[in-house]
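Participant: According to TrEMBL, the protein carries these features:
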- 1-56: region 'Disordered' (REGION)
- 1-18: compositional bias 'Polar residues' (COMPBIAS)
- 25-54: compositional bias 'Low complexity' (COMPBIAS)
- 100-121: transmembrane segment (TRANSMEM)
- 133-158: transmembrane segment (TRANSMEM)
- 179-206: transmembrane segment (TRANSMEM)
- 218-238: transmembrane segment (TRANSMEM)
- 250-274: transmembrane segment (TRANSMEM)
- 294-311: transmembrane segment (TRANSMEM)
- 332-353: transmembrane segment (TRANSMEM)
- 386-407: transmembrane segment (TRANSMEM)
- 428-449: transmembrane segment (TRANSMEM)
- 461-480: transmembrane segment (TRANSMEM)
- 500-519: transmembrane segment (TRANSMEM)
- 531-551: transmembrane segment (TRANSMEM)
Amino acid sequence: MASETSSLLSRQTGSQQHLEVGAVSNHANINRGNNSNASGNSSDSGKGNGNSNGKLYREDHMEEEFDTQTIASYDSVYNSDIDNGVPFDPEHGHAHRKTLGIPTATFLMLNKMIGTGIFSIPSSVYELTGSVGWSLVLWIFGGLIAYSGLNVYLEFGVEIPKSGSEKNYLERVFRRPKHLALVTFAVSYLCLSHSTSNSYAFGLYIQLAAGVKETSESYTRVIAVITVLSCILLHGIFPRAGRYLFNALGFFKVVVLGIITMSGFLVLIGAIKLDNPPDNFTNMFQNDGMGGDVYSISIALLRVFFSYRGWDNCNTVMGEIRNPAHTMGIAGPLAIGMVMFFYCFCNIAYFAVVSKQEIADSGVIVAGKFCQIIFGDSVAARVLPFFIALSNLGNILVVSYAASRVTAELGKHYLIPFSPIISSYKPFNTPFVGLLMHASLTVILLVVPPPGRVYEFVVDLSTYPITFISFSVTAGLIYLQFNRVKENWGNKPGSYHAPLYHSVAYLLTNLFLIIVPWIPPPYELKPGSFPYYAVPLGGIIIMTAGPLYWLHWRNSENAARLDAEIEKGLYLQTS
């Protein structure tokens, strides 16, 4: 990992590519961050020249009259933010600015990765693997696969420095049927863009911090709803304050994990004495009478990957990151390395303090159980759950911040109904409607489901369709890696080339997670659990909704608007 990290740091963004979108009187050139030799046939009476050699993609070669004033205003804003990759939008009146450097990029990833997962998931991971040793192996494996995924997304992000993440990458690779990949991603993203798990965990831990012995399901949900709505209002009205707050909470999360790790270490060396210390590390790979089958391992992996989710968070706002290759080359490995270290040692701390049975029975408050055993009824027993609640809050802030901007991108490109409203940054220069959409879905998922193992189901369901998307993105990158000349991919100075073994490892892992959840488990599920096929079936339904919506959308006015923008050069596709 060290050698690859140094390789990332040595790469800088290259010269700007010129994409000619037509002829006005003098040619209108748009700088794009690629090879300067990729130019259109602007001398031929203003005809667009569309092909796959890094040029503006055009469905046909129709002559097009260009509005001189529009292109002039477009160029002036675009060139002021040269590497952005997201053009000025004359209709909606905003352009992304490059305001995010290494510290903010690092905390964007840290805040999303360190959320509810490490404080709530270890119990179910242990229960599903059936042994202390194998649960620790999965946490290590999850970190390594996250690093492989980072390499895949880094190559895409450097080559296509636009906000929107997978939307841009699927669009670049899967160009036929026309816009199908874009629309399918849009529907899936809107169905999965929520902060339910972290809001729910915040409600639980804030009650523990208040000294509540038996947490209330209704109070948990009420607190969660109030919290997510407050975060949305903060980002919508005071965006700078929101960024400062999630940066501060990102640092705070590291402190919390450090306290848990240090406490566990002090128990292991005998500096902290427990009344009944558990003996969890003897025969640690021995199955403890639960889980351990292929189905259970795959579900455990889904939950571990959920806990690491967030390493790709910067790709959703790549258009706002300064010098993406340099910034992400430092921030990405740094964030994943820190999280992997703390995740592994926090799990060791849990097993050093809490008995196996208590871990298996603790559900989503395993960290709360840890605090009660270490600190008893002291003030610290309330302070640490409060810190964990703040960690959940940081995750809500980061997820809603990034998700609202992806939603605005989807609206800007007419992929969803009411696009002009959703893509608007008025009146506070923030994607306020996108924030409200994120909050609405979160509130629905918090309020509607009946009591039960809802949290775990929401975690699994939100992860499964994303596995499909990650598989498609990675397969697309492998295709591009083997066809760099044909696809004009990764040929500019400063391009980052992800090692092929990272691409293959990430592809195979996602394929495994797609297939295995369909295999029936060899045991009966706990009372209150959803059927074993509920997660993959729900994921398939969400993924199928995209193509069905596309069949309607492709003949709609929105589709015609998107095609018109492509023809006029106002929307830069990446083919």
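Backbone N, Cα and C atoms are what each Cβ position is placed from, and that goes for glycine too.
Just so you know, TrEMBL annotations are computer predictions that nobody has curated.
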Participant: Top stretch among 133-158, 294-311, 461-480, 500-519, 531-551 for CB pairs under 8 A with the transmembrane segment (332-353)?
Facilitator: 133-158
Participant: So what's near the transmembrane segment (500-519) in sequence-distant terms, Cβ-Cβ under 8 Å and 6+ beyond its ends?
Facilitator: 144-145, 147-149, 151-152, 294-295, 297-299, 301-302, 305, 464, 467-468, 470-471, 474-475, 477-478, 481, 532-533, 535-536
Participant: Do the transmembrane segment (218-238) and the transmembrane segment (428-449) share at least 3 Cβ pairs closer than 8 Å, excluding pairs fewer than 6 residues apart in sequence?
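Facilitator: Touching, yes - the transmembrane segment (218-238) and the transmembrane segment (428-449) meet the threshold of 3 or more Cβ pairs under 8 Å.
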Participant: Which stretch, 133-158, 179-206, 428-449, 461-480, tops the Cβ pairs under 8 Å count with the transmembrane segment (100-121)?
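Facilitator: Maximum Cβ contact count belongs to 179-206.
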Participant: Cβ under 8 Å to the transmembrane segment (179-206), counting only same-chain residues 6 or more beyond its ends: which ones?
Facilitator: 115-116, 119-120, 166-167, 170-171, 173, 215, 219-225, 227-228, 231, 364-365, 367-368, 385-386, 388-389, 392-393, 395-396, 399-400, 403, 406-407, 410, 413, 415-416, 437-438, 441-442, 445-446, 454-455, 458-459, 462, 465-466, 468-469, 472, 542-543, 545-547, 549-550, 553-554, 559, 562
Participant: Would you mind listing the long-range same-chain contacts of the transmembrane segment (461-480), meaning Cβ under 8 Å and 6+ residues beyond its ends?
Facilitator: 149, 152-153, 155-156, 166, 169-170, 172-174, 181, 185, 188, 191-192, 194, 196-197, 302-303, 305-306, 309, 487, 489-490, 498, 500, 503-504, 506-507, 510-511, 513-514, 517, 534-536, 538-539, 542-543
Participant: Grab the same-chain neighbours of the transmembrane segment (294-311) for me: Cβ-Cβ under 8 Å, and only residues 6 or more beyond its ends, written as numbers and ranges.
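Facilitator: 109-115, 117-118, 121, 124-125, 128-130, 134-135, 138-139, 141-143, 145-147, 149-150, 153, 332, 335-336, 339, 343, 395, 398, 456, 459-460, 462-464, 466-467, 509, 512-513, 516-517, 519-522, 532, 535.
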